[in-house]
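Q: Right, I'll just put the structure down here and ask away after.
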Amino acid sequence: MINKGVLRQFLAATAGSLSIMNVGIILGWTSPIMEELLGPNSPIPMTVDESSWFVSVIDWGLILGSLPFGVLADRWGRKPSLQIIGPMALATWVALLYVDTFQGLLAVRFMQGLLAAGAYTVLPVYAGEIAGPKIRGALGTMFQIMMYVGILYVYAAGMYLDYTRLTYAAMAGPVVFCALFATIPESPHFYVMKNRLADAKRALVWLRGDDTGSSVDDEMDAVVECICKEMRNASFTELFTDWVSLKALIIVQGLSVFRVMAGVTALISYASITFAEMHVAVDSNKLSLVFACSVLFSALPSTVLADRVGRRPLMIVSCASCFAFDTAIFAYFYVDTCTTYDVTDYGWLCVLAVGGLSVAHTLGLGSLLSTINCELFPSNTRSIANAVNTITLTVASFLALKIYPVLADDGGMYRNYLISSLFSLTSIISCFLWLPETKGKTFAAIQAQLRKTDDLV
């Protein structure tokens, strides 16, 4: 029989992760409508270069929104900071129904980027803090799973709906999130930070499924002791002045860049135009849907493996596999573009390589980054560290999304995957040398390990 507390923690993490599902809808919304927007009957005409701005302008919102949401999460709370995303996201989808200029479209996408910053910054902190040490890795993977659910939803709907109808369909995400997340408690860690110990105890009792509260006393004492020590001995500046914290920050920022540059981030937004170059007699939007399915279902094994195999082995395997598949995709497009060899009959091999890349990426780089980011930092700098990480992810994503169609234009798709393969190769070396193992450890134990070893291995 499954423990009631485990079920409640998964329920809380899933409800909170509906905020990131909305981000998946926002990110994936561009792919199925791209051909319509670039076509002669576009509701908002744009060029190929303008389309790259349409996709990537969301990243400016992510950059500017990350630190404010990190501050809000520490002042207002994790839950309120996530809750405001729902109604505001709904408002942006309504606004898109009335926008009829390219500049207006960019403005709304920028606002959606601000909301995405909130989910990226606050959700990993919330999910990590409500989870018990034995299932923190599994709950952390909900972040990526629910994002892929959002992408899959909008890809599937986009096969049958035009720009306007797809925008209406996107409104379902914020509505469901607002309805379900309202019933979930705040993070006990936040309550302890604000010295609201009675509220923290009630939240912890609910999350652990112990209605009497008798079995959570030890955990509550440990949380209070850990947070009191962190709040007494650390400050925001230690994120940059303390060597251990700075080294952890560098490691997480490196993982963020590797995650984006492995190639899947750009594929999510440009799936239809990428598959269109693979000489496969299947509609590119249908292939995009299959791609989204492979990304989603490949995230499920990491839910189990993260707390059994460990973070470090999964990340190394993920990076090595990404390198192999990126190299294979590069080779296909290079031969197709730069040689006279006919690769038309081998298009399905490239499609399979893209599927393999999505599985490899989701196994570690895609699913574990939010968990690792939450685990390596103390409570008082966790939100700000996550905000800095969101900015790094965003800058890397902006550059990747901006250059992808430019490099792909006029037969240069292979250049994108040459770059991705080089980054993936670097990520293997980096994870092997510097990534610590945090499986099954409390936040206090992780911090003690990092302070004791001072080398993050």
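Just so it is clear, glycine is given a Cβ too, placed from its N, Cα and C backbone atoms.
Feature list, courtesy of TrEMBL:
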type     : residues : note
DOMAIN   : 8-439    : domain 'Major facilitator superfamily (MFS) profile'
TRANSMEM : 12-33    : transmembrane segment
TRANSMEM : 53-73    : transmembrane segment
TRANSMEM : 80-99    : transmembrane segment
TRANSMEM : 105-126  : transmembrane segment
TRANSMEM : 138-160  : transmembrane segment
TRANSMEM : 166-184  : transmembrane segment
TRANSMEM : 257-275  : transmembrane segment
TRANSMEM : 287-306  : transmembrane segment
TRANSMEM : 313-334  : transmembrane segment
TRANSMEM : 346-372  : transmembrane segment
TRANSMEM : 384-405  : transmembrane segment
TRANSMEM : 417-435  : transmembrane segment
Q: Can you see whether the transmembrane segment (80-99) and the transmembrane segment (166-184) are touching - at least 3 CB pairs under 8 angstroms, only pairs 6 or more apart in sequence?
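A: Yes, the stretches contact each other.
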Q: Answer with yes or no whether the transmembrane segment (257-275) touches the transmembrane segment (417-435) by the criterion of at least three Cβ pairs under 8 A, sequence separation 6 or more.
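A: As far as Cβ distances go (cut-off 8 Å, pairs 6 or more apart), the transmembrane segment (417-435) and the transmembrane segment (257-275) touch.
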Q: I'd like to know the mean pLDDT over the domain 'Major facilitator superfamily (MFS) profile' (8-439).
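A: Taking every residue of the domain 'Major facilitator superfamily (MFS) profile' (8-439) together, the mean pLDDT is 87.
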Q: Quick one: do the transmembrane segment (105-126) and the transmembrane segment (12-33) have at least 3 Cβ pairs under 8 Å, skipping pairs fewer than 6 apart in sequence?
A: yes
Q: Residue list, the transmembrane segment (313-334) vs rest of chain: Cβ under 8 Å, 6 or more residues beyond ends.
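A: Result: 255, 258, 262-263, 277-278, 302, 305-306, 343, 346, 349-350, 353-354, 356-357, 359-366, 368, 372, 413-414, 417-418, 420-421, 424-425, 427-428, 431-432, 435.
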Q: Output the single range from 12-33, 53-73, 138-160, 384-405 maximising the number of Cβ pairs under 8 Å to the transmembrane segment (257-275).
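A: Ranked by Cβ pairs under 8 Å, first place goes to 384-405.
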Q: Where, among 12-33, 53-73, 346-372, do we find the most CB pairs under 8 A to the transmembrane segment (138-160)?
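A: Most Cβ pairs under 8 Å with the transmembrane segment (138-160) come from 12-33.
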